[in-house]
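*Asks:* Below are the features I grabbed from TrEMBL:
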DOMAIN    A:151-330  domain 'ABC transmembrane type-1'
DOMAIN    A:471-650  domain 'ABC transmembrane type-1'
TRANSMEM  A:33-51  transmembrane segment
TRANSMEM  A:103-124  transmembrane segment
TRANSMEM  A:131-149  transmembrane segment
TRANSMEM  A:155-179  transmembrane segment
TRANSMEM  A:270-291  transmembrane segment
TRANSMEM  A:303-326  transmembrane segment
TRANSMEM  A:430-446  transmembrane segment
TRANSMEM  A:452-471  transmembrane segment
TRANSMEM  A:478-499  transmembrane segment
TRANSMEM  A:519-545  transmembrane segment
TRANSMEM  A:597-617  transmembrane segment
TRANSMEM  A:629-646  transmembrane segment
Amino acid sequence: MATAQATPARPARAGARRGPLAALRDRPAAAKLLLLALVAAVVVPLVHGRWGGGVWPDALTADLSAPLGEVTDWIVSNRDSHPLFLYFFGHISNAVVLSVRGVYLLLLALGWAGVTVFAAAVAWRAAGIRLALTAGVSFLLCGLLGMWVPTMQTLALMVVAVLASVVLGLLLGLAAGLFDRVFRVLRPVLDTMQVLPAFAYLLPVVLVFGIGVPGAVLATVVYAAPPMARLTALGLRGADGGVMEAVTSLGATGRQRLLSARLPLARKELLLGLNQTIMMALSMAVIASVIGAGGLGDRVYQALSSVDVGAALAAGIPIVLLAVVLDRTTEAAGRRIGAEPTGPALLRGWRGWSLAALVTAAVTAVGRAADGQVWPDDLTVAIAGPVNTAKDWMVDHLYTGVPVVGGTADLAAHFTSGVLNPLRSGLTGLPWWSVLLIVAALAWTIGTWRTAATAVLAMAAIGVLGVWEPSMDTLSQVLAAVAVTLVIGFGVAVGAARSARLERLLRPVLDVFQTMPQFVYLIPVVALFGVGRAPAAAAAVIYALPAVIRITTQGLRSVDPAAMEGARSLGATPGQQLRQVQIPLARPSLLLAVNQAVVLVLAVVIIGGLVGSGALGYEVVLGLAQGDLATGLVAGAAIVCLGLMLDRVTQPTTRRQRQES
Amino acid sequence: MTGTETLKATGNPGPAENPVFSVRDLWKVFGPRADRIPGGEHAALPPAELRAATGCTAAVRDVSFDVRKGEVFVVMGLSGSGKSTLVRCLTRLIEPTSGTIAIDGEDVLAMDRSRLRELRRHRAAMVFQHFGLLPHRTVLDNVAYGLEIQGLSKSERRSKAAELVAKVGLDGLEDRRPSQLSGGQQQRVGLARALAVDPSVLLFDEPFSALDPLIRREMQDEVVRLHREEGRTMVFITHDLSEALRLGTRIALMRDGGIVQLGTPEEIVGSPADDYVREFVRDVPREQVLTVATAMRPALAGESERGPAVRPEATVAEAIEAVSRSGDPAARVMDGGRLVGVVDHACLLDVVAGTTGPGHATASASGAPGTHTGPDAPDGAREVTF
């Protein structure tokens, strides 16, 4: 097994006398499948005879609800008395509450004018005048929409969570960046954490901290710290060896090497980590409204549960604005690093910053004097009403009976009955062992036996947990949404790779779409398709599309121009160039796009539980809503397993890539 | 080349006048259980066989030499010959496998960490092929970096750095970042950074290999100028023979980790120790490297009066020019007023044609390294062979 894998495919020279074994060695995928088929031929009859086909056999499940229920009961009853909670979690929880409240009060004390000017000033110093304008206008819009207070609540939670994530991420990243052993242990953990849906993190946190701000902040930190840790470690490890040697040759101590060379050399990665951490924190802070985060996410959540699209949009727009401002500012700050300082010399360095602080203080003082701390009520624009009117019009005119195409609701119904239902019944109808076999075959053909083993184990764990059927339901939605995403995504990407104009048009759209938190995508699909499984799948498609289009376009475009030129010089048609040169050479990018599509789609399909997609996401929501944490925890574990399985199945062989590079 | 040192063919140079670096029996072996190779049964194997037998690569094998005060000691070899590893062993940027290294008589390998830092901070500074500048600092702060590490105050190190920026000809560029400079300018920053700490030895690791030929020439002149002005000891690594011949007081030619020949440029070109060296220096214009001291013959009666006078260290090319301008058949080689020999047409043509062989230049102070192995062999004679 191992030898068949270790030897890469070699074109056999002496083709005349090749036995079947040699032929297999040249096609490792075939060899793997053959081996798997042999194993299956032996094992399946035994297994089938013992436990039968169909869904996962009851005999093989472990009912965890009783022990989990006991654990949750114990935690709930001991939360106020056990020393572990009193002296550890209790302190954490109090510290979080205090700091969030402190930041919130500070933001309120600054007043809307103070906060707006402060945001603009920071954006100006860090990223330039254009982003300062963007920031200022965005904050004013939040106020105009009547969302000032929830925006400040979300912001306060974000500030605390991002600070904690950055500190935690930096510490972990430093350890992993400086010590090989830590890196080897931490890297797979961080990589895995990045593919898990946000929903999976909610339950364990709620278990310990209960519903409320502390749990929300903690969940956000756990979700947002990994990119910081990962990029810090990679940045520190990627320091230019020549520079480090020169620094050593000058007699620098270990500390001097770290502070004056290694850390500054990793500044780009550190800022990229900060950017990703902020974006993930925002995404999670919004989702954490389900466990009591309050703020903008809560407004969207409440509005969605009563299908009040107008109110959801009024709270959703500030989320998008926050996302855009935070992303662009940190990104521009990262791009500025290492560039020559611009602007008048008077404003460089500390002078500019003190000017910014001065202006903020002045505006705050004026605002307080004018009693302008709270956004004036008469200055708001209520968009909920008009939006809902528009939505009602859509319901009347677009949902059904549109000539030719039908209507959005009809479309959704067709998609549900024509694609999702057959897929779901197909998946649940498959014998459970055949699902495992398919997973093994896919993962092993694309990856290594390790990824295959992880995937199969994760899938089996789902069965053991006793949530086979809801998991198959979720899986069917994921598969359908991924298929749609890939068809649209690859189609658009092929076009964008060929036409520079299309790519230029697409770029800003993709940029905005990629910054928006997952939660926001639920608003337009609910407006268009109502609630159910089809809208959740649609939201997942919209969420995953930008990444797929971008990765695929880049992959197709970065194909070696010499190879393309060669093909053209031989008179290949555009179609032939695409099929015979671009796609084969861009294969790693295409596989990565598939992997990303699966991971992103899963994240949103799970959140779709909030808009009636049922399955695992709904069980988590239900567990939270009814205080039945055991059910929620099992569903959460199944989500983790499903995420792990889907990621591993689509993960190309990293070992082979490393050898090639 | 006064022949004051006594060198033995066994590779143990005698006590030179206070060598800056004194390296003996140095080994650096990469691979599993590297410490077993030096002095072991596999020590004498050629590289490919050594790797096959043990999985190890001997980057530096059994090397001994002295770097004398004030000289430019060039280590030359093709890529993979171990020269860069060798220079890194000198300050233990790479830890040697075995052997001894002494700087000013002090054992480098016995130094503890703080002592070693002291060595790197004050006594030996290095210039790198790829510059190794800090991209986030200005030129001035890069030059001042070594001083910053030593703990000098900001004003002190800035003023010292400004001095050196001017010295290497980068005035006006103090506030630029390295990425805004050309390759030659970046290497000047690297040079200034090394000079800023006022080291007793400068180590150069192929400093100009990454530069354009014209810039390279310019930088070589810069090094020659610095050496003339300050007389600082330098160890210079290069794969470029012409660079080695231009800069080197003495040249150690390396192959497969060992030193094949060590001697003055003249000795290397005039008396190659083996076929490898001979092949290496084949295309060198000999008349530009060899001196008349090598080419001359004893003066015959009556020759002491006529002909232009040349110094013994003048190159043959210069002598040819002098002879042809004067129209005399030979030039007199005068060492401070004393006649030491003459070079006639035949002597000069022999050099140009490459027909001067060992034993031909009888009056030469330098014999033929590699053939004379007695205790009086001139310096550089086969200090190390393998």
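Each residue, glycine too, has its Cβ placed from N, Cα and C.
No curator has checked TrEMBL annotations; they are predicted automatically.
Quick caveat, the model's predicted, so the values are computed rather than measured.
Tell me what's around each of these sites.
*Replies:* Long-range contacts of the transmembrane segment (A:131-149) within the same chain, counting only residues at least 6 positions beyond its ends with a Cβ under 8 Å from a Cβ of the stretch, are 112, 115-117, 119-124, 296, 299, 314-315, 317-318, 321-322, 324-325, 328-329, 332, 374-375, 377, 379-383.
Sequence-distant contacts of the transmembrane segment (A:303-326) (same chain, at least 6 residues past either end, Cβ-Cβ under 8 Å): 119, 123, 131, 134-135, 138-139, 141-142, 145-147, 150-151, 154-155, 278-279, 282, 286, 296-297, 382-388, 391, 512, 515-517, 519-520, 522-523, 526-527, 530-531, 610-611.
Within its own chain, the transmembrane segment (A:478-499) has Cβ neighbours under 8 Å at 415, 419-420, 423, 506, 537-538, 540-541, 544-545, 548-549, 552-553, 556-557, 574, 578, 582, 590, 593-594, 597-598, 601-602, 604-605, 642, 646, counting only residues six or more beyond its boundaries.
Away from its own ends, the transmembrane segment (A:629-646) comes close to residues 64-65, 68-69, 72, 192, 195-197, 199-200, 202-204, 206-207, 439, 454-455, 458-459, 461-462, 465-467, 470-471, 474-475, 478, 598-599, 602, 606, 616-617, 619-620, 622-623 of its chain (Cβ-Cβ under 8 Å, at least six residues beyond either end).
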*Asks:* When only pairs 6 or more apart in sequence are counted, do the transmembrane segment (A:597-617) and the transmembrane segment (A:452-471) reach 3 or more Cβ pairs under 8 Å?
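*Replies:* Yes, the stretches contact each other.
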*Asks:* Count, for each of A:270-291, A:452-471, A:519-545, the Cβ pairs lying under 8 Å from the transmembrane segment (A:155-179), and report the range with the highest count.
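*Replies:* So the stretch in question is A:270-291.
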*Asks:* Using a Cβ cut-off of under 8 Å, list the residues of the same chain at least 6 residues beyond the transmembrane segment (A:452-471) that approach it.
*Replies:* 55-56, 60-64, 428, 432, 435-436, 439-440, 442-444, 614-616, 619, 634-635, 637-638, 641-642, 644-645, 648-649
